Amino acid sequence: MEATGAITRKRRATISSGKGVTLKQVNGRSAVDESINGPGDSGNIVTKQNVTDLPSTMSKERKKRINVPNDRQSCHRLQESLLSSASGYRNYRGVLNWCVVMLVLSNARLFLENLLKYGILVDPIQVVSLFIKDPYNMPAACLVIASNVFIVAALYTERRLSVGCFSERVGLLVHSINLSITLCFPVAIVLMVKSMTPAGGVSALGVYTILFLKLYSYKDVNKWCREMSHAKARSLARSLSCSSIPRSKGSGVDYQVSYPGNLTLRDLYYFVFAPTLCYELNFPRSPRIRMSFLLRRLFEMLFFTQLLVGLTQQWMIPIIQSSMKPLEDMDLPMMMEHLLRLAVPNHFLWLIFFYWFFHSSLNFMAELLQFGDREFYRDWWNAETITYFWQNWNIPVHKWCLRHFYKPLLKCGVSKWLGQSAVFLASAFFHEYLVSVPLKMLRPWAFMGMMSQLPLAWFVARFLRGNYGNAAVWISLIIGQPIAVLMYVHDYYVLHYRDGSAGGGPE
């Protein structure tokens, strides 16, 4: 090595390889460095020491990258656009947020337009008048109190059956009379008492409908207990009683009830107030009452009640009132326009009611009574068929229909399709029962709406799948209900106000 000034140079060396290849060092880099790393590549230099460590066979991908100097600078690869189905992309959270923002903005505009056009129409005192015309005359409340007679009659009948005072035929006859009067008695009172308002009538008939379903289940379960009381008493107690969380000392009775020990007022009234329609000897019980959960549900109940009332007065009623003339004139384009205007607020109110009743109210009652089974609804919003929706949006009614109506029909030899049709028929009857009687006019709109679900369910299941089926379910919910609402409101208005048979405006 020789030094010239301040610059120190390395002596060039010639190294002979085993195969006669000469590797010459040029400016501190060998020819192998140049051939492997490429010219101008200063990173990851392969030196003479690790040349001998390279594998004898390199992967095809590595050789390709060595032979293509510009591969490291490439910015393109084989790929699909994100919105293509073949891309496999599924994260559309931003699009969902955009939909929510657009929904809020569009409805805010409608809200401001409504306020500018009609002013503030919310009147809580008017709501009270919907239930009672005279503070000293409350027929709906008296009708609900009178329902205790039918509860006691059912218990008395079961006690007589348990000790053999009544035969099965006599017991069935007494139960049938009691259940028939449970449905017919409130109808007679609502139709005869002039001070009974439509809102009060709906509330009273709703209570009696629930009571009818509960007493029917009570009758059936106790009958099953009697049929198996001798040979299978213990197995029956297990089959008719859900396995529950062990109760703490402060939560009530620790033992499992067996027939006929369940025939008490305490047991029956617990079932009457429990958020279920299907009777069991031993319900699943939660270990304690969670006060924070209870207060949250109570706050939701109060808040959503006020919200339902306010939106109905401020949003629904003006649209309904403005829809009367197009309906009378049979102006089809205007009728369609008003129908679409009514569809949005009606659907919002239905969703709010669903949350208020099935989540807030039923969970409040369940927590108060330490009722353990809180499955009051399933994911009906993901329904891809009409049948799936009806099976999952109202679990208490679905369980009752399955246990006390549909399965007994199948045991009698009825086909599944005919059994499903019978379930829809019964549902259509109760829908009409809860609407036509309080309005004091017999119209088939609710009945026809429910029965139309049968061909619609067949069509959606036969021709639509996936997202298309789910869209069909939502369209039926958004459009179907306003049609029935307009029909009933129009007929009620014509019957009570246009002909001058009653004074004042719509209640």
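Every residue gets a Cβ built from N, Cα and C, even glycine.
Automatic prediction, not curation, is the source of TrEMBL annotations.
Annotation source TrEMBL lists transmembrane segment at 95-112, 138-158, 170-193, 199-218, 298-320, 340-358, 417-439, 445-464, 471-489. Residues annotated as active site in TrEMBL: His431.
Among the stretches 95-112, 138-158, 170-193, 199-218, 471-489, the one making the largest number of Cβ pairs under 8 Å with the transmembrane segment (340-358) is 471-489. For the transmembrane segment (298-320), the residues of the chain that approach it from at least six positions outside its boundaries are 114, 117-118, 120-124, 126-127, 338, 341-342, 345-346, 348-349, 352-353, 355-356, 359-361, 364, 485-486, 489, judged by C-beta separation under 8 angstroms. When Cβ atoms from all protein chains are considered, those within 10 Å of His431 (active site) total 18, not counting its own. Touching of the transmembrane segment (170-193) and the transmembrane segment (471-489) is ruled out by the presence of fewer than three CB pairs under 8 A, sequence neighbours closer than 6 excluded. In the three-state DSSP classification, the residue listed as 'active site' falls within a helix.
Long-range Cβ contacts of the transmembrane segment (417-439) within its own chain (Cβ-Cβ under 8 Å, at least 6 residues beyond either end) map to 183, 187, 190-191, 196, 198-202, 205-206, 209, 387, 397, 401, 405-406, 409-410, 445-451, 453-454, 488, 492.
Below 8 A, the CB atoms of the transmembrane segment (138-158) and the transmembrane segment (95-112) form no more than two pairs separated by six or more positions in the chain, fewer than 3 in all. Distant neighbours of the transmembrane segment (95-112): 344; these residues of the same chain sit at least 6 beyond its ends, with a Cβ under 8 Å from one of its Cβ atoms.
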